[in-house]
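Student: Let me begin by handing over the structure; questions about it come next.
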RNA sequence: UGCGGGAUAGGAUAAUGGCAGUCCACGGGGCUCAUAUCCCCGAGAUCCAGGUUCGACUCCUGGUCCCGCAACCA
């Protein structure tokens, strides 16, 4: 790698974080892949030798679990998704030079080479650890599949971290009352021997690496804490069948951790590309082992993997290091996070089925905000950007210029490019180049739209429609405008490759705009071309209303009436997170006093609280309501420390119909507020049995 | 009680400590080759509380809110 401005005379690699084979792609995922594609195309435009690669991440427990659920083997399952992804990307103009998957032999072989190199360089050691195990399915449980009680603060916690309580990191085996989230059964611990990559060998190196890393600032800063403190060595093996076998001495049932073979796929995929086109055209070994410019494009949730584990892995095997990591923000929907489980998302297929050109989404996602910022997707904002910038500014300028040129000159009029316009295009080229070297993709787009805006201003200022068509002055103005139109096409090609090619065709340019370099922006357009068409279409208001309604309907049907707030416009409300769910609207239907009187609400005291075996959320409570002791089932197992509840006062709806849940009879309903089930109680000294009115 | 990122007008984005600028949207006026553009005018902003300073969006202290943080997570 180097710190020279692009283009350099070294091979570059642009990678995108691997999509994980467990679900469909939505526009949030697409942001990463579109950004990678834009960067790669922009580097092409600069004349940088580069490869754009990625692949599907096929290994790991979740794939195996998901496959088992569907009754197929993991490979079949993962390959099906792999093919789906491989088909989807080109539909958005995302054209990898190579797109493979981690189960491919190239990757398996290369991964084993990496691991052997670590072993040879003495970076790997073996240690016995306690592994959580689900006795029913006889599978080891990765940390995330274990829940229990934090030994420090007593809160409910995940296997690896007390995520809701004291935030402490938990070592395997520390958590109390471990249960499997797969089956709800108590988890066992078994002693297993595992392999570790000694990250501490690279501690000093990683600090220096972060100092020179380019890309987004979050990628440089976030891992600092780890690198400066005590690094936990990385456990690189798992007790599983599905994955790449650990290559050392015969450890039959150990496979490599997915985060080992996943990033190596970047290298494997590049190697495949190189082998396909020949090393004269692209030299993967130079790129990865010597001085290539490696740029990783990822979501900001996997920064650590790319700035700590991965550079250590490369270093340990004697490879080159990344030059830049660009960690993007997320995409929100109407101001709130996507929720795939509630179908609150715009799926890749949905977008295409609506008939929108992929370039519109590409433009929106790349220019809607800073790269490390979260961007909001909303159909009305999408409409605003498309109509204002692509239709109004770029499309309108392209069409009016080419139409005027066609009508009066049947192509580009015979005149020299004016100095003013030449200078302005050169400025735009410089802005594009500087933007790219700042890793600001939106700036490359802004350079193009600003130039189109200048074009509109230029044609307006010179009013060629008021001039004699055959006059030198009119020829000059239109020649300039056609040149600007062409230059905008060259500069916007990375973001809108389809539309840029359409313009190229209208200009009767030979070849592909994708091969055009920056110099093409100043090269004369063809003398003759045909009547142009409008390249961007307006999105009408009723179309937007329809799209919004469709989305609301879908989300609402998933919500099952439990929280209808999602069906509302997200007007002005800031995003929510944590326990503060958006408030449900107050009910408009009023009830009479008599109806209220029908509710027999009592003060109670919890005497017994225990989880119901086999149920995720349910707890069995015995509540003293003065006159008698009631057994009640409440969905609070996950939300409260049951051992602390006895003795607490609560509020009970006593005349609730009896119900049987998980074989346990429930005779009443404990009142609690919100998603976190904040239990209602009394402020004063009301005794169990007292009525609430 | 931790770490990182963020908070500037309705939205998006700028400002070595020195006139808070730009784009979209909004109100008013003009121009018209084009799917309407461009020009002119107008309204509108630095998360809060202190401090340093001649001067603070910027630096310092304290706080609030949002997002993420060794999982399958873009």
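Cβ from N, Cα, C; glycine included.
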Student: Checking feature assignment: motif ''HIGH' region' per TrEMBL, candidates A:8-18, A:19-29. Which range matches?
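Tutor: In TrEMBL, the motif ''HIGH' region' feature sits at A:19-29.
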Student: Taking A:528-554, A:555-581, A:582-608 as the choices, which stretch does TrEMBL tie to region 'Disordered'?
Tutor: A:555-581
Student: Which residues in the same chain, at least 6 apart in sequence, have a Cβ under 8 Å from the Cβ of residue A:340 (ATP binding site)?
Tutor: A:23, A:26
Student: For the motif ''HIGH' region' (A:19-29), would you mind checking the mean pLDDT of the predicted model?
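Tutor: Per the prediction, mean pLDDT sits at 88 for the motif ''HIGH' region' (A:19-29).
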Student: Please work out the helix, strand and coil residue numbers for the motif ''HIGH' region' (A:19-29) from the DSSP assignment.
Tutor: 3 helix, 2 strand, 6 coil
